[in-house]
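Accompanying notes for the structure given below.
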């Protein structure tokens, strides 16, 4: 009998393969054909275009085990995960599909036969729901399959509108739709709950295990239901639910996959209570996090990356709650790969990347988690009422990186609500402040709405004879532009490239007889192109013909930098891994800047490998080929689409040999050899999970290398060495400096000891206690600690306060022998003195330090020590 999750997966796919279905691999968790979806959340997602008639496959029957994530957006199960028996962020959906092949009778028969004959589920434990008016399905279930009428349940429009029902599926407001049949399993009367359609249906006794959707209508905009010419079938069965039934347990968290993950988590953290809900949360979250990273999503502050970050941080918080002191989450990946079997092949290939990304994110969050929890705990302990205010929510989010749902999770455990509306208000205020701070002047051009279209000829031409079709001055449409005025000129066609995809807009000239307009920038305004600049001489009018001339040198240098970003992107993916994806770029004539997803600093050896790889491709002198094609065709060819970019149905594909293929509308060199040379100038992090490389090409790269060589030569001269020996000579000098610093420190200690011998005699006695207060002008502040220690040893039982002023700053130290700390505390004493010199400080009862900014008040401040001590000793 099939019992393990892996056995069930294999049995399902084999059953449908034996019945003429094509086994199709699970698609990525990042949807490639549906921009409306955050994550793949159903088996039919990858077949959406097939159902819509926009795509054709070489098969009409398919079966899959699809990885799915529901966290964020419309389908968000995150809040319930760990607290219920069946909510997950990650799950596998078993499914079979018919694209105009079989319909209701076969779909029903396939499902029933698999459940009752292959899995041998008791028929009396199964009941079926159908849409209220779907008599065809009712007859098939009762007459063909033999389900008793008492186990058939009709469900009507129970969601407030026509065809708004649990048993009527719709892709959207219009398009394919149809009734569905759901098969439920009865876990037994020892569990509370009622059959579907009853008031107790939300209980856990009757659990839906299989949904069979009959796509038989095409819903029109006016609501009319027209029959589809080729009805189709979409089914889904959660593998975790059927595994629970086959393994004789009620909760999904008791099945083999979760039992092993929970046990491993408990072992790593050192927990003995395996029923703890935090273990369930962690076991669920490692699945979604690991598979999302394997599919190219990296933790970030936006979009899919932010949802991933929220899930990781929720898991880390629950680990902290269980007592985890060190990074633990990433250590679950090997166990996950083991328990997922064939479903983890892609995860196994990216295991190292997944573990590094999880560890980096966990360690980063751990640094602020403890402090944030202290703030939250304090706020909850002092809370008046049962709702945490929005300002505190915002502070935790803004300062400590606590997603709102993580804070809500903590509050939920204490039966406390959260003021999400107040949080959103605080967020809105911050956005307004940021916008106001950045708004140094009105940008009228950004507000332009231009009802015109400009054709682009700049891929092949840098000159043209366009006509003026619109003029704007100070954001307003005008008929004429006069000399000296700044303006936006709109042409019917142009060789000027408008800023897009990270490439800056072209510069150049628009001229005619007696007319010179200097183009300082070129921008898009919808389908129109605006040439921004100043009219140097003459007059511009609508309808006027001009000569457009792009600055050839600037365009050429920009093209070098744009083409090399494609090579850089491909090289980074080869050296660092396929998880690397572009997050932003800037390409101008001087340099290029490339932002990309990666979880740690790039090692010098990796940077060198990337640079060498790019220069190798430059030397190979690949021809740059461009082609227009359908976006789906481009993706099939392996073209990289940049996340966040919007593409038309027809796209431009730029290919460089067999090394790089990307969707790109920018301008490029003819061959990679034109780039000449590529040199990385810097690499650094700009956000969690996002790195930035800056680089130069061509003549700029040669100039950079010459500049570096000049600095090396100068350093060699200073070290009286040749360039090749600079590192060795510099290391020797640094070693010498370290030794001198050590000698100096020892000398200071000796001087402090000698000085302490002289000063010890200056101590006064107050109520039987020795007190020494000294202002030491000119002494190095770093020597105060050693001097104070020496004086303590000599005076044995004493109170010591030393102060020095240097470079406009005051440094103070107070020392109290241990036998006196119950009466006089060094921290309180030094804080009292510091407040009189414009500073503050504190420390332990026996030793404390402080600083100040008013050296002119130091003597008077030290004079206050004796009466202060006298008061505490009396």
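Note: Cβ is positioned from N, Cα and C throughout, glycine not excepted.
Features of the protein shown, as given by Swiss-Prot:
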BINDING   562, 566, 664, 668  Zn(2+) binding site
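There are 24 other Cβ atoms within 10 Å of the Cβ belonging to residue 668 (Zn(2+) binding site). Same-chain neighbours of the Zn(2+) site beyond 562, 566, 664, 668, judged by a C-beta within 8 angstroms of the site's C-beta center, are, in sequence order, 559, 563, 565, 624, 654, 662, 666, 667. The Cβ of residue 664 (Zn(2+) binding site) lies under 8 Å from the Cβ of 501, 566, 652, 653, 654, each of which sits 6+ residues away along the same chain. All protein chains included, residue 562 (Zn(2+) binding site) registers 25 other Cβ atoms within 10 Å of its own Cβ.
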